[in-house]
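Asker: When I checked TrEMBL for this same protein, it listed these features:
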type	residues	note
BINDING	62, 63, 164, 181, 229, 230	urate binding site
BINDING	62, 63, 164, 181, 230	5-hydroxyisourate binding site
BINDING	62	O2 binding site
């Protein structure tokens, strides 16, 4: 049996728990704050005996991973999804010496506080899926964490100040050139932080979101012309890098 697998090698191994749901409620006197999230946790171990011999003695059960997410929220709190993902990675790498890698992906549900006439409700919220926030944190033992943040499913539309001209045409092209068209898209953006020791992740995320909307829409009175999706994407990324020097690279 062993000879049949002598040319087989492990490239990368990992296992984990997906879709760990959590509602974190912080009560500060008369004002309450919430973060609802879903977390995926993946670990890599320094041995392969679970694969080779069916030996589970090093396996941290996925149910334990789920419980750990809930317990750390209780013990540490959740100030931002990026910070919480870092806490989870740090826990597994420090509590278990045979864990070589931890990866945590978190998605935050878009709740916002109910308000009327500029007065915010103390403890009531409304689900407002204008956009979804997510992060991906990966850390290897004795190495710095790699943190990505992102925005997804943010639909935007403008009814003018967009065109598409001068594109390549061949015998299958039927699209007509246009100087004025409706521009509608669903935004996905993902960026990496080049440092994170003193960064405010909430403010950084808002900076990126506001920059995307600003470049897409332009000034409120007359907008900004977009000759192509690619040009708008490029201008947006340049603006983000100018406003958020902690960011490097983006999708």
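Just so it is clear, glycine is given a Cβ too, placed from its N, Cα and C backbone atoms.
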Asker: Let me know the largest Cα to Cα distance in Å among the 5-hydroxyisourate-binding residues 62, 63, 164, 181, 230, as an integer.
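Answerer: Greatest Cα-Cα span of the listed binding residues: 52 Å.
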Asker: What is the Cβ neighbour count of residue 164 (urate binding site) at a 10 Å cut-off, with all protein chains included?
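Answerer: Summing over all protein chains shown, residue 164 (urate binding site) has 16 other Cβ atoms within 10 Å.
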Asker: Quick one: what's DSSP say for residue 164 (urate binding site), helix, strand or coil?
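Answerer: In three-state terms, residue 164 (urate binding site) counts as strand.
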Asker: What residues, ordered by sequence, lie under 8 A Cβ-to-Cβ from residue 229 (urate binding site) and sit at least six positions away in the same chain?
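Answerer: Result: 183, 185.
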